[in-house]
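Peer 1: Provided herewith is a single structure, encoded as structure tokens, for subsequent inquiry.
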Amino acid sequence: MAMLSDTIYALSSGAPPSGVSVVRVSGPLTRDILVKLVGSVPAARHVSHRTIRTRNNQPIDSGLVLFFPAPNSFTGEDVAELQIHGSRAVLAALFHALGDIPGVRMAVEGEFSRRAFENGKLDLVEVEGLADLIGAETEMQRRLAVEHSAGGLSAIYDSWAERLTRARALVEAELDFPEEDDVPGSVSDAVWADMAKLRSDIGDHLAAASAGEIIRDGFKVVIAGAPNAGKSSLLNALARRDVAIVTEIAGTTRDVLQVDLDIDGYLIKLFDTAGLREADDKVEMEGVRRARVALRDADLVLLLVDMTKPLIPDDLEQSSPHVTVGTKKDLTEVNSGRYDLQISTATGDGLPELRRLIGDIVERRFAGLSMAIPSRQRHKDSLAKCLAALDVALSQTDVNLELRTEQLRIAAEYLGRITGRVDVEQLLGVIFSEFCIGK
């Protein structure tokens, strides 16, 4: 990461050409830049229409200029935003003018958010939530990201850290001043009862992490069945485009194909797999192996059965959770007792019902779930280590209190690593590299 003393600039809006582009500037030279480019510093947080000029007083463009003085800005530094016409030529001219000013340079990925973190405007969970909000494609992803970026999840972790700090303070006070009247007598029982409750709270919270990961990364639905059961046809029908090759030749699908769907606000990752059968062809054998791997990782299996020649591979009947879908409804009489649903990809019959069924299954899984849940592996890892330290502190009742208190300190440190309250330098490059240049 380059020096935070530099003044940086970048395009913060979408790639040109566009109707409007927003260029953000942050750093100690922001006021000087505004004087050079637009003649003076606009009133704080008020929109001002200005002509932007080069150092030779040649006009670049006219647009809206805003100034946000430190510390009341996104980065905590002096920040300016220039809203100009979004042509490549205008942006190139403005960037050339900015780059000519000593001490001013183009920002690197995530540098504005990095400065916001360094200046205490955002913690790491809020930074990650902001990245997720920018990348959100479904309604549930948006809700999860808003909760995280607004500090809802951080507030939970901060409250837990405060409970750990208070517990350590009370135990250490009893250790240091056992004879003092103003130290509550025998606080241990109350402290450890609260730590047991905290351990339970964190355990319940960690158990919800899989839901957070599914909302963020997608609910995996695997289409499986015997060869020619209509798996690829269903993938194409649900995707509303030709993703998979469809032929009457058994074994056409040799690999796992995937498309993303938005069903009722949830990201659904839909996988088409090779037909499950004993194969002699090495390529098809590999496809079958990959299909079985996908089945193991599935959140839901759509078990397709060709109703004109019903055949279910033996190991698929035990797939759980699964929905049995009868296919080729247009070619045979419906056997409603055997199937959860019957469809025809040729006529579209049953496809809206299948989409609703998938949506209902996902909705039931997340019904009543708070969005203040962990959604990243690093959150889970730190929470698990926090729990492990609490387990040691709670279980080792026969050891010195100082040793048990040390485990509380370790537990608090792992909570602090989630929000960045403790040293997490090695994580920062990874986290901020997820952002675009202008964020």
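Cβ coordinates are placed from backbone N, Cα and C, and glycine is handled just like the others.
Look at Swiss-Prot and you will find ARG24, GLU81, LYS121, LYS439 tagged as (6S)-5-formyl-5,6,7,8-tetrahydrofolate binding site, backed by sequence analysis. Per Swiss-Prot, the feature domain 'TrmE-type G' maps to 218-363. For ASN228, THR247, ILE249, THR252, the entry in Swiss-Prot reads K(+) binding site. Per Swiss-Prot, GTP binding site is recorded for 228-233, 247-253, 272-275. Feature annotation from Swiss-Prot assigns Mg(2+) binding site to SER232, THR253; the stated evidence is sequence analysis.
Distances, neighbours, how buried they are, the whole picture for these features please.
Peer 2: A 10 Å cutoff on Cβ-Cβ distances gives LYS121 ((6S)-5-formyl-5,6,7,8-tetrahydrofolate binding site) a total of 18 other Cβ atoms nearby, all chains included.
Within 10 Å of the C-beta of ASN228 (K(+) binding site) there are 24 other C-beta atoms, taking all protein chains into account.
All protein chains shown were included, and the count of other CB atoms within 10 Å of the CB of LYS231 (GTP binding site) stands at 30.
The DSSP secondary structure for SER232 (Mg(2+) binding site) is helix.
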Peer 1: Spatially, which candidate from the binding-site residues ARG24, GLU81, LYS121, ALA274 is nearest to ASN228 (K(+) binding site), comparing Cα atoms?
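Peer 2: Checking each of ARG24, GLU81, LYS121, ALA274 against ASN228 (K(+) binding site), the shortest Cα distance is to ALA274.
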Peer 1: Could you give the Cα-Cα distance between ALA274 (GTP binding site) and ARG24 ((6S)-5-formyl-5,6,7,8-tetrahydrofolate binding site), in whole Å?
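Peer 2: Cα-Cα distance, ALA274 (GTP binding site) to ARG24 ((6S)-5-formyl-5,6,7,8-tetrahydrofolate binding site): 49 Å.
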